[in-house]
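Look at TrEMBL and you will find 248-260, 281-292 tagged as compositional bias 'Polar residues'. Look at TrEMBL and you will find 293-304 tagged as compositional bias 'Low complexity'. Annotated region 'Disordered' per TrEMBL: 245-332, 345-370, in sequence order. If you look up TrEMBL, you'll see 1-22, 33-74, 75-116, 117-158, 159-200, 201-233 marked as repeat 'WD'.
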């Protein structure tokens, strides 16, 4: 599921082999895109909102044009299910990862593969492009997060990230931090310039299945098998001593006293539950599925604290410190989510209509960006 950069469209992918484009309104109108022969695992917009890229169990990625309402190309090369695909910031390239343990780089305009990385030891569940377009990150079932430099084709950083499969990876808008989630239930924020773990956050009861920074970087969201969607305040601007995010790390501000309220981190800002208004969900609750029969979400609370120390090796061709496979990142700060106040989600559910409207993908025009 992804909002377009403008926020006027929502794209969702499903095990029913379709992609839907939604107008985020009370009517819940959508247009169906069909073309894959297997379940669709991922959908993502280009930054200019002109294209979407999808990843599927049919071992392909497909690119679709929104202005022309046409299929553009199929990117073939993976030998197993493709779990994730994303465009580069300039929309000329794409990155994909799948169960064949590979991360592949594509020239979208030429419809060709231009690079491949096979450093993971298990399937790749998530991929992301760095905001400056020079490197990519991937999270894997081998429990690690890795970064590669596209210019040198070198493994830039390696993080033994989670206690179970990594389910998502996302870059902060500054490019200095990455966010990951894992099946063991934690979220982790990584300081890429220092090559170390900054925060570990515990909030979900069960696996954390997805996470992502907001475009401006001030917030991030997460979802889990506890049927909760949480919205967190990142407060990463505190780390740079009050200066603009992305202007560089002020080392004198790294180990901030976590008892200070203005820099405390560890609770989501708000969260939504589709089933109950009080008390966390049971770990035995069924996981959220990927069908398109209904769209329900629910809201959640946070703030921040300082990081750890580490002496990783310097990476090549990048401002980041390289962290090689035989090195361990610093442990960072750890937070456990405790007291939460559930919001009233009744109005939110009513506004979404509680159902989806299925329209003909071949005859109904794709909703236009406002």
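Backbone N, Cα and C define each Cβ position, glycine as well.
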- request: Count the residues of the repeat 'WD' (159-200) that DSSP assigns to helix (H, G, I), to strand (E, B) and to coil, and report the three numbers in that order.
  value: 0 helix, 25 strand, 17 coil
Statement: Outside the repeat 'WD' (33-74), at least 6 residues beyond either end, the same-chain residues with a Cβ under 8 Å of its Cβ set are 1-6, 9, 11-21, 80-87, 89-91, 94, 96, 98, 106, 108, 111, 290, 361, 365-366, 369
Query: Within the repeat 'WD' (1-22), how many residues are helix, strand or coil going by DSSP?
result: 0 helix, 11 strand, 11 coil
- prompt: Using DSSP, what's the helix, strand and coil tally for the repeat 'WD' (117-158)?
  reply: 0 helix, 24 strand, 18 coil
- request: Note the mean pLDDT of the repeat 'WD' (117-158), expressed as a whole number.
  value: 97
The repeat 'WD' (201-233): DSSP-derived helix, strand, coil residue counts: 0 helix, 19 strand, 14 coil
